Structure formats: C-alpha cells, structure tokens
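Database features, via Swiss-Prot:
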SIGNAL    1-18  signal peptide
REGION    20-40  region 'Disordered'
CARBOHYD  N92  N-linked glycosylation site
BINDING   D161  Zn(2+) 2 binding site
BINDING   D161, E194  Zn(2+) 1 binding site
ACT_SITE  E193  active site, proton acceptor
Amino acid sequence: MKSAISLLLASAATYVGASPHPEPPQLVLSPSTSTGVHGDEATSAIASSAADDVISDSPFLSFHRDLVQISSISGHERKAGDFVAEFLQAHNFTVVKQPVPSKDGRQPDEDRFNVFAYPSGASAAPKILLTSHIDTVPPFIPYSAARVDNDIRISGRGSVDAKGSVAAQVFAALDILERDPSAPLGLLFVVDEEVGGTGMKVFSDSSLNPSPSPFRAVIFGEPTDLALVSGHKGMLGFELVATGQAAHSGYPWLGHSAVSALLPALLRVDRLGDIPAQEGGLPSSPKYGRTTVNIGRMEGGVAANVVPASAHANVAVRLAAGTPDEARDIVRRAVRDATGGDENVYPDFSEWSEGYPPQDLDTDVDGFEVTTVNYGTDVPNLRIHERADGAPVRRYLYGPGSIHVAHGDHEAITVAQLEEALQGYRKLIEAAM
C-alpha cells in the first residue's frame, strides 16, 4: 500500500512522466519440506477443549500468555524483563541483567535491561545463542484467545512481534537441555529493538560478546511465517530539509517558500527506487528486488497565509544492494540535480548516521521454506567476531507469525504456529550442535 505522501507526489509526477511504485512479489527461494507439529492429536485436543483450558494446561502457551499480558512498549520493558529473568532463574539458568541506557546515554525513567542467560554451572560463553526482543510498539493491546475452526487464535500486542519467538526459544532450549544438560546454549532477550536497537548494541559492545567469538551459531527470532530467512534489506534514514524566508502570503515575492523548494527534491527522491541505477537511481538486486523509498512524514510552515520559512520530510530507504554511504551519495546527487544546486535544500543524515547494507543469512538447515524479508532486525546490531578456529559463525533468522499483522491493531498468532516454531527452533539448535 502506498503512503498518502507518495500518492500525492505521484499525482504531481504525472506531469513529468514519473512511474508509480509497483508492489514487488516477495521472493520465496525454496519450498518447505516441514510437516509441522499440529497433527490429528493436537487438532482433536483443540477441538474438544476451551481455548483458555488448552492454554492453561500448557506451560509453553501459559508462558507466552503471561508475557503478552505484560505491557513492554519500548523504553518501559522492566516488568517483562523481570518476568523472563525470574522464569529462567526458576528453571536453573544463571541470569545476567545487563543495564541499557537510553539512546542519548541518559537512563530512562524506568530502568531497563537485557536478559542474558545460560544453564547454571555451564560456561558463560555459550556456543549457540538464541535471541529475540521483549519490547513492543505502542499501543498496548490486551491478551485474548479464541477458538477458530480447529485452532486457537491468540491476540495482543507482542503476541507475534516478538513474544511468540521469545516463548518458543525459551521452551526449545528447555526441551534440548532436558535431553542433554550439557548443551552449550545461551539466551539473550534485548530491549529497544523497535526504536533503534540500543539493547543489542549494548550487548554487542560488552564483554558478553567477546573476541574471539565463542558462538557457533546465533539464532534470531522474528516473525517470518515459519520460514528460514536468507537475508533482509539494508536500511538508511534521513531528513530532507529546506529553508526559505517567511512573508505574507499576499506578497509571496517578498519571501521564499521552503515547501515549494522542497517539492522537486521530494519528487526526485520518491522515485529513486524506480529509476535504474545507471540513470542515477538506487540499486536493485536479483535477491532482494528493488530498493524502496518511503516518505513517511512531511512538515512545513506555520499557517496558510504565511510563506513557509522551513520544511522537512522524513525518509526511510530499504536497500536492496550497495552500502549506506553509496546510497547517501546517490541521494545527494538526486537532490542537487532536482533543485539546480540550491544549497537551501539538502538531505540531513546526522540523526540516522549509521544505517546498514543488506544482511545475508544462513539457510543450511533442511526442512524449512526459505525466503527473504524487507523489514529490519537486530541482526546488523550484533557484531560477529571471528572464531579462534576460523570457522564462520552461522546466523539464522526464524520465527512464528506474520510481519503483516505485527504492528497493527489486529496482531495475532495461532497455537499451531507457536507449536511449529517450537519444533523449528529445536531443529536449528540441533543442527548447530
């Protein structure tokens, strides 16, 4: 679905021959050979029991319920962190609560922390790390469960993104450890993934992520519709800024409209994903398709009867190829060409100075559908150090639920998806051991 801003610009673009933004199909690289875990027995149990009874009778589903019932909007994750930490301690894990400051370095109003855990008596440097995040986007949506045909649909904020992954990772680890108490597993549940990745960055820069790396594999949990993800697009953000001179709207020649100055640059930037790279556009790739541009917010002026002295727009770019620095150069040239070199219109990258290129991930475990995704994750926020033996550290991205409902008013997941994710995480752990 196009944004209202892109539709507005597209209307203007009909006069200059701009192309629309076609919706690219999501690339599926290989079909699944997994049969899942929801067979006749599970279907029969669900069909004959009330939803609440099924959930209450399952430690796994009860853990997921209790976690979703805790509001943990980014910046306010403490209660969820305490819940996860206390549960793991009660199940014979050593738990480290790693403090995470706010992005500007000041501690937020409510203390928050990452939860890092490993089996008591085992090494604090596990070979296999399962990780996801406990923060959610706003607003909080209460937990609910209802029978739907032969399944149970669980609704609530975080039920998909990413408390479904958290619950499945915890119980996959418990299942593996019950069979093999010496399994070299670790769990990491971070804060702030939804608003900047500060939690993972703090872990990445800490002694808990040593060099050489102890990790043989890192398994990231996000809603992937139970597919194993071979990679996701990169990310670049910036603000497009224009400055002008205020004046009475009855005498516009006495001022200079920042909004009018901004529009040609916006139109050009909005099309950069559709323009071939050889013609000055942003690059595409066979794996990830087109680079996409979203102008998410515009603001300018103070009143309709005042020539606006300032205007700006926030832009998010999902990179299909290349590096953030290369994309910044393309954006700068596009703005310069669109404005005739007007120095009062420029892209400001200072607020989003990092960015990252496309992230290629491992898919060497059989039994999964393989796909790519367009959303961002904490994958680039975890620096992977070289191992002492020179072997590569495998990175997997997998989880239950659909990203298409993850941030919406109807975020929901099914019991069948959660149970299949439990099996999927076990399979990934066993392959990495």
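Placement of Cβ uses the backbone N, Cα and C atoms for every residue, glycine included.
Spacing of E193 (active site, proton acceptor) relative to the residue listed as 'Zn(2+) 2 binding site' is 10 Å (Cα to Cα, whole number).
Annotation for the recorded positions E193, E194: lowest Cβ count within 10 Å of the residue's own Cβ, E194. For N92 (N-linked glycosylation site), other Cβ atoms within 10 Å of its Cβ number 13. A straight line from the CA of D161 (Zn(2+) 2 binding site) to the CA of E194 (Zn(2+) 1 binding site) spans 10 Å. There are 28 other Cβ atoms within 10 Å of the Cβ belonging to the residue listed as 'Zn(2+) 2 binding site'.
Spacing of the residue listed as 'N-linked glycosylation site' relative to E194 (Zn(2+) 1 binding site) is 30 Å (Cα to Cα, whole number).
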